[in-house]
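Student: Heads up, here are the entries from TrEMBL:
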| type | residues | note |
| --- | --- | --- |
| DOMAIN | 7-283 | domain 'Phosphofructokinase' |
| BINDING | Gly15, Arg76, Cys77, Gly106, Asp107, Gly108, Ser109 | ATP binding site |
| BINDING | Arg25, Ala26, Val27, Val28, Arg29, Arg159, Gly190, Ala191, Glu192, Arg216, Lys218, Leu219, Val220 | ADP binding site |
| BINDING | Asp107 | Mg(2+) binding site |
| BINDING | Thr130, Ile131, Asp132, Arg167, Met174, Gly175, Arg176, Glu227, Arg251, His257, Ile258, Gln259, Arg260 | substrate binding site |
| ACT_SITE | Asp132 | active site, proton acceptor |
Amino acid sequence: MAKKVTKIGVLTSGGDAPGMNAAVRAVVRTGIYYGLEVYGIMRGYTGMVENDIIPMHSRSVANIIQRGGTILKTARCKEFLQKEGRQKAYNNLKDLGIDGLVIIGGDGSFRGADVFSREFDIPCIGIPGTIDKDIAGTDFTIGFDTAVNTAVESIDKIRDTADAHDRLFIIEVMGRDAGYIALHSGIATGAEHILIPERKTDMEELISSLQEKERRKKLVNMVVVAEGDEFGGGDQVAALVKERLPNVDTRLCILGHIQRGGSPTCLDRLIASRMGYSAVECLLEGRHNVMVGILNNRMQYTLLEKAVKSKQKISDEWMKIVKILAS
Ligand code: ADP
């Protein structure tokens, strides 16, 4: 029989993602609904190590569902990588009587949670919060939809100027070593080519295809590049293209951190609310070391250890669609 949780802590860790606030709100309010005491841990694992932990009430999370970023702040914490740091964190939680944790973050944060809950008797539930969508066991990660919509809006604007000047634009989007933002935003904006880390790119083929489009006077040429692609991101790709096609007016645009900010989309708010609620239910049911995810519209619980080991796959059909639609 699992111990009954009475006091839970919630934290946001690693890279921030729009919709994290909606998840925090859902955890706090669901916890309170079930009679739990809820604590907010500031700046990810740093707050656990440094004892920066505050009681949360229903009103603490008022007016945040629509806000990007995270009211709990987020950080990367070197001390938590060491056993001594994790021991300090555990002592702080123990002193407050916290007996369950909800971690909203990416695969690094889940790795930390997995190690921590193996060492100490505190169940950890992960909520996938990352714009990169690089976690297996869920169709959605909080923040991806907002980030990709921001990218689409920006690339649409670039298309207007590319069209006006007959320019070739190389556009770099975020995603670390995952190509989802590039794939989705590239297809949704009609990019000619999409370069992602999950697929090898034939540079010769890319150059001759761009030459061919130039010869056919295709109105707009846009290449969307994931920051983690094999060539090293947009600036490297732009340099290669400029070298090979010196007569083509080629411009580079790196979208950067605008993709992390902004008000979360309806989808991100919905999945954050559903996952936050489910994470508390998991703790009450005595689950531990799992990530809550949504697969085929149903809640899915994946061991943290498994969630960090595999990534969502990109099907070959998507790559075929890109090629056919850009012709
Ligand atoms: P994300 O969660 O966005 O992938 P990071 O990879 O930076 O972000 O991880 C966030 C934090 O999780 C790290 O700063 C560290 O404190 C903790 N962490 C990551 N990997 C481990 C690990 N193997 N052991 C312990 N803690 C870890």
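Cβ atoms are placed via backbone N, Cα and C, with glycine included.
Quick caveat, the model's predicted, so the values are computed rather than measured.
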Student: Find, for the listed binding-site residues Arg25, Arg260, the residue with the lowest Cβ contact count at a 10 Å cut-off, counting only other Cβ atoms.
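Tutor: Across Arg25, Arg260, these binding-site residues, the one with fewest Cβ atoms within 10 Å is Arg260.
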Student: So which of Asp107, Ser109, Glu192, listed as binding-site residues, have a Cβ under 6 Å from an atom of ligand 1?
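Tutor: Cβ under 6 Å from ligand 1: Asp107, Ser109.
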Student: Given Cys77 (ATP binding site) and Val220 (ADP binding site), what distance in Å do their CA atoms have, once rounded to a whole number?
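Tutor: Between the alpha carbons of Cys77 (ATP binding site) and Val220 (ADP binding site) there are 44 Å.
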Student: Write down the Cα-Cα distance for Glu192 (ADP binding site) and Asp107 (ATP binding site), rounded and given in Å.
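Tutor: Spelling it out, the Cα of Asp107 (ATP binding site) and the Cα of Glu192 (ADP binding site) are 31 Å apart.
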Student: So if I measure Cβ to Cβ from Met174 (substrate binding site) and keep only same-chain residues at least 6 apart in sequence, which ones fall under 8 Å?
Tutor: Ile131, Asp132, Ala147, Ala151, Ile181, Ala226, Glu227, Leu255, Gly256, Gln259, Arg260
Student: Provide the three-state secondary structure of Arg76 (ATP binding site) computed with DSSP.
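Tutor: Reduced to three states, the DSSP call for Arg76 (ATP binding site) is coil.
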Student: If you draw a 10 Å sphere on the Cβ of Arg29 (ADP binding site), how many other Cβ atoms land inside?
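Tutor: Result for Arg29 (ADP binding site): 21 neighbouring Cβ atoms inside 10 Å.
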